[in-house]
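Participant: Got a structure for you, written out below as structure tokens; questions coming shortly.
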Amino acid sequence: MSAKKPLALVILDGYGYREDTASNAIANAKTPVMDALIANNPNTLISASGMDVGLPDGQMGNSEVGHTNIGAGRVVYQDLTRITKSIADGEFAETAALVEAIDSAVKAEKAVHIMGLMSPGGVHSHEDHIYAAVEMAAARGAEKIYLHCFLDGRDTPPRSAENSLQRFQDLFAKLGKGRVASLVGRYYAMDRDNNWDRVQVAYDLLTQAKAEFTAETAVAGLEAAYAREENDEFVKATAIKAEGQEDAIMQDGDAVIFMNYRADRARQITRAFVPAFDGFERAVFPAINFVMLTQYAADIPLAIAFPPASLENTYGEWLSKQGQTQLRISETEKYAHVTFFFNGGIENEFEGEERQLVASPKVATYDMQPEMSSPELTEKMVAAIKSGKYDTIICNYPNADMVGHTGVYEAAEQAIEALDESVGKVVEAIKEVSGQMLITADHGNAEMMIDPETGGVHTAHTNLPVPLIYVGDKAVEFKEGGKLSDLAPTMLSLAGLEIPAEMSGEVLVK
């Protein structure tokens, strides 16, 4: 069997590009290898943050999201952005599970109940999504629209719910129908530690309007809670109804839409609406059409508006189907990223996939050993390239990220210099076997070690672009405006392989 000429992808974790050289460990370190590559080889900058990787606009990238996008060859939207995007595109209003639940309630002249964590926190839910759900129910003809507000105060300031509640009171006034029907703190409605007595408080409020307190409006109910010294998170069960209004309880034939997208704190209260349940004794158990916004658990037999997106034909799976061999190699710190996350959340190896793990150094913080285990990793990487065994090699060097996180500037420069030396050896090996290589990063970090706004130490990732450099014999010219999800199609193109239909990323080679 003839020796293979591998295509390598080297991911320099946390190696972003920033024009300003102030507190920029990447620009200021001595990097003869990278300098020569950028001077002489095809290169460009690509985006690794925000909507380009499926995160909210302007949000910095991270390693999990970066590797998932690289391996998928398509933008993988996180739940928050996926749902926000569906609202903007008009798809949300046509989501089958929501349409069916609302229409069945409207037809039977029943109520549509919408519940969820009412805040702009964006961790478990977003009030913009809840707003869209209320508008959708109204547009589809629901007359009774009841909003059950779980109050936040953890992912938002402790007393910040008033603006959100006022916003929805105004919406219902504009619609001329519907109302905020109940308030309760997330401490009760969103427990995740099997404190079923707390969950029962929320369940009884929803199904019986059983509440310690009542108020005529949501804002009045909140003010009363503050007067009792209850912050948002701990607001006791409060039924909202003005004089002459009926109780807004969940009854047979009603639709219930739970607008939290994060599963861990949505599971328990949801399980209380499933027949097989032993968390507490239910005084009533209405036959409702319950819709979960996302899948809270695989064993909850309820409708799901946004089922999990399964990633078919990721880069690793596709290579395996083509009978190709591949190696994933990194230090402990980023091993999961080049394996599990790169494979779209699949733990097991694909056929033809091998993995090599190099132990990260046992130090308290990596500024104490900025080169980390790059010499050992490089030795294994060079041996793998020269072995002739692999069609593709995916390697991650963690230094720029892990040392960047320490905030120690001198150590970050040393980390970049150690990386440069390693990259030089890998480039030599690739050239020796007439292979090809792309050098890139999953997000930025070490290019900004001082926060320009505050003047304090900057230890976080950045939302800056990352380099993409080609090493090899092909006459390559890169397109501008690429992003991480374009890397897999580009690599398949460089290897002369077909690109699967699921990969919507672009080939960045002209």
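Note that Cβ sites are derived from N, Cα and C of the backbone, with glycine treated the same way.
The following feature annotations were taken from Swiss-Prot:
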ACT_SITE  Ser63  active site, phosphoserine intermediate
BINDING   Asp13, Ser63, Asp442, His443  Mn(2+) 2 binding site
BINDING   His124, Arg154, Asp155, Arg186, Arg192, Arg262, Ala263, Asp264, Arg265, Lys334  substrate binding site
BINDING   Asp401, His405, His461  Mn(2+) 1 binding site
Participant: Near Asp401 (Mn(2+) 1 binding site), which recorded positions out of Asp13, Ser63, Asp155 have their CA within 10 Å?
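Facilitator: The recorded positions close to Asp401 (Mn(2+) 1 binding site) (Cα within 10 Å), listed in sequence order, are Asp13, Ser63.
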Participant: Based on Cα coordinates, which of the following recorded positions are within 10 Å of His443 (Mn(2+) 2 binding site): Ser63, Asp155, His405, His461?
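Facilitator: Matched recorded positions: Ser63, His461, sequence order.
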Participant: If you count Cβ atoms within 10 Å of the Cβ of His124 (substrate binding site), leaving out that atom itself, what do you get?
Facilitator: 24
Participant: Reported as an integer number of Å, what is the Cα distance between Asp442 (Mn(2+) 2 binding site) and Ser63 (active site, phosphoserine intermediate)?
Facilitator: 6
Participant: Taking the residues His124, Arg154, Asp155, Arg186, Arg192, Arg262, Ala263, Asp264, Arg265, Lys334 listed for substrate, what is the greatest CA to CA distance in Å, to the nearest whole number?
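Facilitator: Maximum Cα-Cα distance: 35 Å.
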Participant: What's the number of neighbouring CB atoms sitting within 10 A of the CB on His461 (Mn(2+) 1 binding site)?
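Facilitator: If we count other Cβ atoms within 10 Å of His461 (Mn(2+) 1 binding site), we arrive at 25.
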Participant: Under a three-state reduction of DSSP output, how is Ser63 (active site, phosphoserine intermediate) classified: helix, strand, or coil?
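Facilitator: DSSP assigns Ser63 (active site, phosphoserine intermediate) to helix.
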Participant: Compute the centroid of the Cβ atoms of Asp13, Ser63, Asp442, His443, then list the same-chain residues not in that set whose Cβ lies within 8 Å of it, in sequence order, for the Mn(2+) 2 site.
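Facilitator: Once Asp13, Ser63, Asp442, His443 are set aside, the remaining close residues are Ile11, Gly14, Ala48, Gly61, Asn62, Gly66, His67, Lys334, His337, Asn396, Asp401, Ala441, Asn445, His461.
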Participant: Considering Cα atoms only, can you say which of Asp13, His405, His461 is the nearest neighbour of Arg265 (substrate binding site) among these binding-site residues?
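Facilitator: Nearest candidate: His461.
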Participant: Just to confirm: which same-chain residues, 6+ apart in sequence, have a Cβ under 8 Å from the Cβ of Ala263 (substrate binding site)?
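Facilitator: The list for Ala263 (substrate binding site) reads Thr294, Gln295, Tyr296, Ala297, given in order along the sequence.
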